[in-house]
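As recorded in Swiss-Prot:
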MOD_RES   Ala2  N-acetylalanine
MOD_RES   Lys4  N6-succinyllysine
ACT_SITE  Ser149  active site, charge relay system
MOD_RES   Lys200  N6-acetyllysine
ACT_SITE  Asp226  active site, charge relay system
ACT_SITE  His260  active site, charge relay system
Amino acid sequence: MALKQLSSNKCFGGLQKVFEHDSVELKCKMKFAIYLPPKAETGKCPALYWLSGLTCTEQNFITKSGYHQAASEHGLVVIAPDTSPRGCNIKGEDESWDFGTGAGFYLDATEDPWKTNYRMYSYVTEELPQLINANFPVDPQRMSIFGHSMGGHGALICTLKNPGKYKSVSAFAPICNPVLCPWGKKAFSGYLGTDESKWKAYDATHLVKSYPGSQLDILIDQGKDDQFLSDGQLLPDNFIAACTEKKIPVVFRSQEGYDHSYYFIATFITDHIRHHAKYLNA
């Protein structure tokens with residue numbers, strides 16, 4: 001599958017690149033960002049996938065989070081895809097910021113008119129890793145995932161639905177229980193239909209209750225002054241309770257004074273890179 005390089009910038013000895021390709025799953029052109037650390041010049045490196053939140057593109061993380069130095073030092077290839085298909089000309093895809101374009105919710109839609117293109121779950125877990133493994137110096141056996149908000153939800157569900165696929169997972173202010181929050185209800189009813197039993201297949205709090213897999217070590221940072229926390233969009237307490245019941249360890253850090261923004265992410269990103277490096281470089 002042909003990759004078209006759109007940009008390449010040297011950063012902390014490595015290269016931050018952006019590529020475009022024709023996605024089979026999403027049936028449109030997709031962009032992704034990839035950071036190749038200095039170590040990638042001489043051998044295969046672990047791959048760490050970042051999933052962004054609502055309204056984001058592949059650009060937000062690479063320009064705002066300040067992750068490059070830590071990724072360079074730990075020798076991690078970091079991949080950041082877009083958050084939805086683009087330019088599919090589906091009626092209503094650009095009408096609201098929390099549904100459609102920029103709001104793929106990392107699921108495979110089953111409802112018309114979304115089901116043909118809105119297959120971000122399969123894109124992130126299957127198509128994109130296959131593309132990365134085939135074209136870049138990464139070790140396919142060493143892969144981890146993290147994300148923010150909608151992308152934190154994505155990172156958690158991708159891990160919980162695929163035991164053993166990812167070595168580690170972490171999240172910043174994830175949407176933990178989407179079947180119960182306004183964002184989730186809107187997205188899931190649109191993409192998955194009105195049968196709420198189908199929604200649980202993409203809800204981290206429900207997935208963790210039946211998680212059969214190997215031991216996970218989950219790291220979550222949550223700003224205490226996050227407006228979406230107080231609005232009931234994120235519901236981390238429900239997820240933590242479910243993890244506690246299943247004896248799955250979660251390090252949940254409530255960060256005084258921090259909000260939902262990339263300033264919050266930038267503050268703690270090095271901790272998250274370190275968390276993943278511990279498992280990826282083991």
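Just so you know, glycine gets a Cβ as well, placed from its N, Cα and C.
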Candidates Lys4, Lys200, His260: member of the recorded positions with the richest Cβ shell (10 Å):
His260
Could you round the CA separation between Ala2 (N-acetylalanine) and His260 (active site, charge relay system) to a whole angstrom and send it over?
36
Are there recorded positions among Lys4, Lys200, Asp226, His260 that sit within 10 Å of Ser149 (active site, charge relay system), Cα to Cα? If so, list them; otherwise say none.
His260
Report the member of Ala2, Ser149, Asp226 (the recorded positions) whose C-beta atom has the most other C-beta atoms within 10 angstroms.
Ser149
For the C-alpha pair, I'd like the distance in angstrom between Lys4 (N6-succinyllysine) and His260 (active site, charge relay system), rounded off.
33
Give the distance between the Cα atoms of Asp226 (active site, charge relay system) and His260 (active site, charge relay system), rounded to the nearest whole Å.
5
Could you give the Cα-Cα distance between His260 (active site, charge relay system) and Lys200 (N6-acetyllysine), in whole Å?
25
